[in-house]
Amino acid sequence: VFILIIRNTGKSRRQPCPAVLDHFDQQYSEELGDLWASARAVLLDPPSWQYGVMLNRFSSVTDITQILRSQGFSSLLPQTDSESPPKFPPSSLQCYVHPHPLRFPSQAHRPGQLKQYYLLNAASLLPVLALQVRDGDKVLDLCSAPGGKAVAIMQSATPALLCCNEPDPHRRDWLAKTLESFLPPSLCSRVMVSAQDGRFVGQSEAGFYDKVLVDAPCSNDRSWLHSSDKLRGQQRLEDRARLPELQTQLLRSAISAVRPGGVVVYSTCTLSSLENCAVVEAVLKEFPDAEVENLWEEIALPLSKYFALGILVVPQPGRTWGPMFLSRIRKKR
């Protein structure tokens with residue numbers, strides 16, 4: 001097998017949208033202080049972005065693993081047969097990362113054939129790790145498209161049910177194709193795609209799930225900063241102001257949908273505190289039977305080599321993962 005590894009050279013650098021950049025400068029210089037200057041430099045430099053390669057355990061990946069290791073990639077996570085850091089559970093999920101911005105080529109969708117790997121921002125695996133899915137769990141991925149986190153969940157464990165919810169028809173087709181590309185037909189009885197309005201799932205399926213992931217629609221800092229034109233950028237800034245209300249409704253629904261003792265993970269790919277901590281704090285005021293759990297020793301410390309991480313991954317030179325915010329909420333028994 002021959003695979004060409006691509007090193008970004010920066011020759012086709014995308015230009016940032018001035019309106020979005022100005023907005024980010026005003027908000028994030030206040031919220032992040034000195035961290036913003038270095039995060040800004042990374043976000044403005046797509047060729048510096050690093051990519052992870054998540055392997056598909058339902059496909060033969062021996063040759064891919066050998067290629068990755070020969071190219072200097074290393075495993076991000078402890079495996080089930082290795083010693084894991086304190087309080088960091090071993091996982092069958094395999095993701096390889098490289099210290100430089102090398103990128104594997106993507107694999108085309110081939111009907112009837114499973115892909116061997118999924119390319120991703122490795123920080124996007126953190127919400128899945130925080131969810132701690134176990135064999136036999138009933139899991140809801142409330143905002144599932146395009147499907148990367150659903151695929152990661154199925155690499156981590158074999159839940160009794162994984163409901164992948166996506167109300168938008170176009171995005172739902174994208175989700176279904178992703179699942180078809182990575183999961184064998186034998187899992188069809190465990191993995192379902194639904195089209196519900198996520199804001200109301202907590203009413204229709206109250207207390208049904210063991211684990212719920214809310215990877216909420218958000219003002220995706222990476223892509224929004226490089227909006228194609230001024231009009232598009234302005235529209236996104238208007239959308240940004242409305243997002244916290246939607247995010248609050250989704251998180252409220254997720255907590256209602258999880259059983260007592262169950263877990264909800266809320267995540268976004270923005271640095272904005274208005275879409276992150278402020279949403280969590282607002283919703284918890286309505287749920288005295290729910291509390292935020294500390295992820296520092298479980299996730300942050302074991303992965304500090306790779307991520308500039310608290311519960312917010314801030315992209316930094318040499319560790320260009322993120323942005324990614326995550327918060328784990330447990331409903332009391």
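For all residues, glycine too, the Cβ spot is worked out from N, Cα and C.
Database features, via TrEMBL:
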ACT_SITE  Cys269  active site, nucleophile
BINDING   Cys143, Ser144, Ala145, Pro146, Gly147, Gly148, Lys149, Glu166, Asp197, Asp215  S-adenosyl-L-methionine binding site
DOMAIN    40-332  domain 'SAM-dependent MTase RsmB/NOP-type'
C-alpha of Asp197 (S-adenosyl-L-methionine binding site) to C-alpha of the residue listed as 'active site, nucleophile': distance in Å? 21
Please report the Cα separation of Gly147 (S-adenosyl-L-methionine binding site) and the residue listed as 'active site, nucleophile' in Å, rounded to an integer. 15
Would you please pick out, from the binding-site residues Lys149, Asp197, the one with the fewest other Cβ atoms within 10 Å of its Cβ? Asp197
Rounded to the nearest Å - Cα separation of Ala145 (S-adenosyl-L-methionine binding site) and the residue listed as 'active site, nucleophile': 14
Checking the spread of the S-adenosyl-L-methionine site as listed (Cys143, Ser144, Ala145, Pro146, Gly147, Gly148, Lys149, Glu166, Asp197, Asp215): what is the longest Cα-Cα distance, in whole Å? 20
Cys143 (S-adenosyl-L-methionine binding site) versus Cys269 (active site, nucleophile) - Cα distance in angstrom: 13
